[in-house]
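What TrEMBL lists as domain 'YjeF C-terminal' is 5-272. Under the heading (6S)-NADPHX binding site, TrEMBL lists G101, H149, D215. Annotation comment: TrEMBL describes K186, G187, K188, N189, T190, G214 as AMP binding site.
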Amino acid sequence: MITITDEMVKKALPHRDNTFDKRKNGKVLVIAGSDRYPTTGLIVGNAAMRAGAGLVTIATSTYARQIISSNLMEVMSISYEDNKELTRQIEIADTVAIGSGIDRTEFSKELLEKALNYDKKLVIDADGIFLLKNFLCKIKTKDIVITPHESEFSNLIDLSVSVISENRQILAEDFAKKYKIKLLLKGKNTIITDGNNTFLLDKGSYKMATGGMGDCLTGIIAAMSASGISLLDAAISGAYIHSLTADVLSKNMYTVLASDIINNLPYVINDIQNGVI
């Protein structure tokens, strides 16, 4: 198992120059939020923008869309009940992030199935991971990263959290290899694996144990992936940047919120690129 370093992330970060425009910087579609969880799409979309995505569209419920439109000017939003427009947005996206706050209904199950029907890079989190159990037979040919914590992984593989805690690496590697996906198993020592190559993230602070952190991570990974780097590199870089930003902020903060991470992402990414950190 390889411990992730600044230098690894610096090399993996996408190259940009003066010839780039917003489309070259990557198009992210975020399918997130619901009437029950109306702000999750806001967190994912904002994180994706701050992590460098050129264009972000959030597909959410009609009710949640009103909240997003009045709080985040830089993203576009659509109602995911509009099947024709949702199809169009999936088709033009470089990466689709799905799952955060979509709830666990028959309709949200249909949303995940629809996303899985396209050959797109997929970042699946939260409710999407819960629903993924219905579609495991479909994912072997897809470019997917899932980002469960131990409880979500427990539901997915039908093993107790205690068993997972004691066997994190082998269980993560076995699942990733079996289904030919990338898996980011969150925890004190986050593990990222494609079944053959496994990486350890030893950064992150207890001060970041607050709501919305997983949504924030999803947005960062989606932005990195949409920029053109591999989904494995996007997961490695995204997780590292997410935790490193929390470590930097934790030096002077009692607790760290997802919004704190998001607002400081551009500075931390810039420092990594310039070799300051």
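In case you wondered, yes, glycine gets a Cβ from its N, Cα and C as well.
As the structure is a computational prediction, the values presented were derived from the model and not from experiment.
Looking only at the binding-site residues G101, G187, G214, the densest Cβ neighbourhood within 10 Å occurs at G101. Spatial neighbours are here defined as Cα atoms within 10 angstroms of one another, and by that definition the neighbours of K186 (AMP binding site) among the binding-site residues G101, H149, D215 are H149. Comparing the binding-site residues H149, K186, K188 by how many other C-beta atoms lie within 10 angstroms of each C-beta, the top residue is K186. Confidence in the domain 'YjeF C-terminal' (5-272), given as mean pLDDT, stands at 95.
Each residue contributes its Cα atom, and for G187 (AMP binding site) and H149 ((6S)-NADPHX binding site) these two points are 6 Å apart. Residues K186, G187, K188, N189, T190, G214 are listed as the AMP binders, and the farthest two of them sit 15 Å apart at their Cα atoms.
The binding-site residues shown are K188, N189, T190, G214; of these, the one with its CA atom nearest the CA of G101 ((6S)-NADPHX binding site) is G214. Non-local contacts of N189 (AMP binding site) by the CB criterion (under 8 A, 6+ apart in sequence, same chain) comprise R168, L200, L201, D202. Among G101, H149, D215, the residues given in the record as binding (6S)-NADPHX, the maximal Cα to Cα distance rounds to 15 Å. Between G214 (AMP binding site) and H149 ((6S)-NADPHX binding site), the C-alpha separation comes to 9 Å.
Other C-beta atoms found within 10 angstroms of the C-beta of D215 ((6S)-NADPHX binding site) number 29, with every protein chain shown included.
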